[in-house]
Amino acid sequence: MTSVLFMVGVLLGAFGSTHCSIQIVFPSETKLVWKPVLKGTRYCPQSAELNLEPDLKTMAFDSKVPIGITPSNSDGYLCHAAKWVTTCDFRWYGPKYITHSVHSLRPTVSDCKAAVEAYNAGTLMYPGFPPESCGYASITDSEFYVMLVTPHPVGVDDYRGHWVDPLFPTSECNSNFCETVHNATMWIPKDLKTHDVCSQDFQTIRVSVMYPQTKPTKGADLTLKSKFHAHMKGDRVCKMKFCNKNGLRLGNGEWIEVGDEVMLDNSKLLSLFPDCLVGSVVKSTLLSEGVQTALWETDRLLDYSLCQNTWEKIDRKEPLSAVDLSYLAPRSPGKGMAYIVANGSLMSAPARYIRVWIDSPILKEIKGKKESASGIDTVLWEQWLPFNGMELGPNGLIKTKSGYKFPLYLLGMGIVDQDLQELSSVNPVDHPHVPIAQAFVSEGEEVFFGDTGVSKNPIELISGWFSDWKETAAALGFAAISVILIIGLMRLLPLLCRRRKQKKVIYKDVELNSFDPRQAFHR
């Protein structure tokens, strides 16, 4: 036990005194929004399997493979193209109908590049719908061609140099202009640098050829492997030139150089394989730091099984250590989940993982270089929760009195101390809203947006009166009767007034009638 502690102390001292960078993947944010992990949740990053053939003879030779170029990060943009149309239907009888519509268009490479440049410069404008242009007795369209740019990071397949995202039709893309499942949307990486395929570096590796005890007569009897090629069956291998060099194209599309001097039991190795089909392409063997990290993890840890074992512990309500939590973390840049323990409950949060270079698995300050090994040290994490007398960060990262420790990478280097073995009870949460969340919204629900932008049509307003003929007939009958009654009253009132007046009676006087005023005057 004393010797073990002594060796651990020596290794810790070595890490403290050296400054070689270790590449890891870590969340790009310093804080995350955590939510409880519900019971039954189980997600693990997958890893490749190694199938080794026993009882085979082995021959080894030195070969060169193209290293390729690993994408520096997973940042990129979604480029949307659309035609925004304002339509004015100006009827001959006066009203104007204004409608708006959006029509999808396939963006071009030049349009997307120009839109991204404008977006980064802060000059990309979203004008919206154009103002209407109305011509009498005609239908007129006003159009704007709109380019929208949305930041969208994707995953990186280090082994093949592909972009990986569910938006891609085949879930992967290896060009600088990637189609998506939406015809009007394309994805382009942030870094648009181009490289000559033959200008890349070729690195020497040791390739082993395994074959039966009897003399092989064809390539299908062989199996090739190296520390970067786990198990390559010969029946899927063919010979072809790459950058004017002889070699073999493996079943996974990668290429290794094989010279004419490489012999296998007095036969040239190349002669055992058929020629590749015309037009065959090759993939680079990416010996970048990202791949070395992935291989280093795969060699020392069975990622998938260890992750599943952690979930089994959670289901059995067994205590977990910081190392157990580290097995749940993603291994490559892109989208992923981060995990932490809060008050005895397992919490998770969606995160964007990026490449980070740290000086050692044990740091005095939680700082590292993002996106480049030659970058500037920045703070990696600021959100800590209590954990058995220590403080816990994402995916098992722990803060102790002796420094900040990354359990996964300490374990990969053979450094195990008491802090990594501290256990804590962790349980998933049965969220009370789960039954409610499973309800579906009624399909009969309608949303009314109104008739804004449409002038009233007098003809349609009048025709609307006749939508119900019974009510209309009753209304017209009532109106006619009302008019007749009014006219009748107007004619009847004068007659009534005349009857009420008294007639003047004229009386005749005999004496006065016989009186002649002229005779009286002459007298």
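Including glycine, each Cβ sits where the backbone N, Cα and C put it.
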Report task. Name the residue from Cys44, Cys112 that Swiss-Prot records as disulfide-bonded to Cys79. Result -> Cys112
Report task. Would you mind telling me which of 207-261, 262-316 Swiss-Prot tags as region 'Trimerization'? Result -> 262-316
Query raised in the report: Taking 23-45, 184-206, 391-413, 437-459 as the choices, which stretch does Swiss-Prot tie to region 'Trimerization'?
Result: 391-413
Requested in this report: Quick one: which of Cys20, Cys88, Cys178 does Swiss-Prot link to Cys134 by a disulfide?
Outcome: Cys88
Query raised in the report: Which one is it: of the recorded positions Cys88, Cys173, Cys198, Cys276, Asn343, whose Cα lies the shortest distance from the Cα of Cys112 (disulfide bond)?
Result: Cys173
Report task. Kindly report the helix/strand/coil residue split of the region 'Fusion peptide' (57-176) according to DSSP, in that order. Result -> 13 helix, 56 strand, 51 coil
**Report entry** Between Cys79 (disulfide bond) and Cys178 (disulfide bond), the C-alpha gap once rounded to whole angstrom
**Finding:** 10
Query - By Cα-Cα distance, the member of disulfide-bonded residues Cys173, Cys198, Cys238 nearest Asn343 (N-linked glycosylation site) - result: Cys173
Report task. Compute the C-alpha separation of Cys238 (disulfide bond) from Cys497 (S-palmitoyl cysteine), stating it in Å without decimals. Result -> 124
Requested in this report: Find the one among the recorded positions Cys88, Cys134, Asn183, Cys198 whose C-alpha lies closest to that of Cys44 (disulfide bond).
Outcome: Asn183
Query - Under 8 Å by Cβ from Cys178 (disulfide bond), counting only residues of that chain that are 6 or more apart - result: Trp163, Phe168, Met186, Trp187, Ile188
